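Taken verbatim from TrEMBL:
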ACT_SITE  K201  active site, schiff-base intermediate with substrate
ACT_SITE  K254  active site, schiff-base intermediate with substrate
BINDING   C122, C124, C132  Zn(2+) binding site
BINDING   R211, R223  5-aminolevulinate 1 binding site
BINDING   E239  Mg(2+) binding site
BINDING   S280, Y319  5-aminolevulinate 2 binding site
Amino acid sequence: MQFPVTRMRRLRRTEAMRSLTRETFLQPSQFIYPLFICPGEGVRKPISSMPGVFNLSIDEALKEAAECASLGIGGLLLFGLPESKDPEGSGAYADDGIAQRALRALKADSSLRSLVMIADTCLCEYTSHGHCGPLTGNGNDCTVDNDATLPLLAKTAVSQARAGADIIAPSDMMDGRVAAIREALDEAGFTETPIMSYAAKFASAFYGPFREAADSTPQMGDRRGYQMAGGNVREAMREIELDVAEGADMLLAKPAGPYLDVIRATRERFDLPLGAYQVSGEYSMLHAAFERGWLDKDRAMMESLLAIRRAGADFIVTYFAKEASQRLR
Ligand code: PBG
């Protein structure tokens, strides 16, 4: 009788053996937790399509941040929901804007020093029309005016750095924004503040629940005029090349799960630290299945995160950051 010479099962026999041969790890320090900061005090408003995620006033955000720090989470990604919006998104670069005030409060608390504070730099949460910058054209023919948006993004980045942001993360997909932001940061004395570019951001249906959370659904037109088409991976590489040439220090791929091949291609081609954003729709979709009892929560959550790391991401922006960190304890 002929025995198999190679038996893969030999190394899978015990947990100790599996642990020794594990190739990919998850750690709380690799997770970044997004926070949606809103005006007011004592506000903890649930986002209906994202169970467990809230709009938080600054005092509540401080509590949430303390929990994240105690879990060993790597950082926070801050989104601001302003009191009022206008066509230029001026709330994004106001020195007393909601994100700036939140950054100051978070940075003033020395017990939160283990958290890297990352500012999402985009105008869409602040514009009355929900697009990522001021518009040209009318109705459904409107589009974001690229070159008019650049100085506003640069102003936003500088005001966020001034408020204490450790990293500036532009998520708008305007051409030339990394260079514009780098120049403005340097001129304002923030030569040491890194830029994490959402370099290849796809126009995705999976941002749906976020737009409820941030109240940033475009009022007319859509984002396909500036975000990337789902099928294009070579174009993604060109986008990333440009951002690297313009001075990006780190890259962020988005969405994550449905675009694992893009993460892999980016990892193979570029040596910058690479993060991936497991976006709102990825979270909501899994939660819907958990609620119905169709998927095992702990296992499916960890598997979805492991896949993103295996594809080549160094760190993950995820709404599961707290639960996954608890699970890893
Ligand atoms: C834009 C921005 C978006 C997300 C992060 N930054 C929304 C968009 O492009 O419409 C989506 C994140 C998510 O879905 O969790 N500032």
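Using N, Cα and C of the backbone, Cβ positions are placed for all residues, glycine too.
Just so you know, TrEMBL annotations are computer predictions that nobody has curated.
What you see is a predicted model, and the numbers here were worked out from it, not measured in a lab.
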Cβ under 6 Å from ligand 1: qualifying binding-site residues of C122, S280, Y319: C122, S280
Integer Å distance between the CA atoms belonging to K201 (active site, schiff-base intermediate with substrate) and S280 (5-aminolevulinate 2 binding site): 14
Using Cα positions only, nearest of the binding-site residues to R223 (5-aminolevulinate 1 binding site) (C122, C124, C132, E239, Y319): C132
Coarse DSSP state, helix versus strand versus coil, of Y319 (5-aminolevulinate 2 binding site): coil
Spatial neighbours, same chain, of K201 (active site, schiff-base intermediate with substrate) - Cβ under 8 Å, 6+ residues apart: S171, M173, Q227, M228, K254
Distance, R211 (5-aminolevulinate 1 binding site) to C124 (Zn(2+) binding site) (CA atoms, angstrom): 10
Between Y319 (5-aminolevulinate 2 binding site) and E239 (Mg(2+) binding site), the C-alpha gap once rounded to whole angstrom: 26
Residues flanking the Zn(2+) site, with Cβ no more than 8 Å from the Cβ centroid of C122, C124, C132 and excluding those residues themselves: G89, L123, E125, T127, H131, G133, S171, D172, S216
CB within-chain contacts under 8 A for C132 (Zn(2+) binding site), separation at least 6: C122, L123, C124, V144, T149, S171, D172, M173, M174, R223, Y226
R211 (5-aminolevulinate 1 binding site), number of other Cβ atoms within 10 Å: 18
Rounded distance in angstrom between the Cα atoms of R211 (5-aminolevulinate 1 binding site) and E239 (Mg(2+) binding site): 24
Cβ neighbour count (within 10 Å, all chains shown) around Y319 (5-aminolevulinate 2 binding site): 25
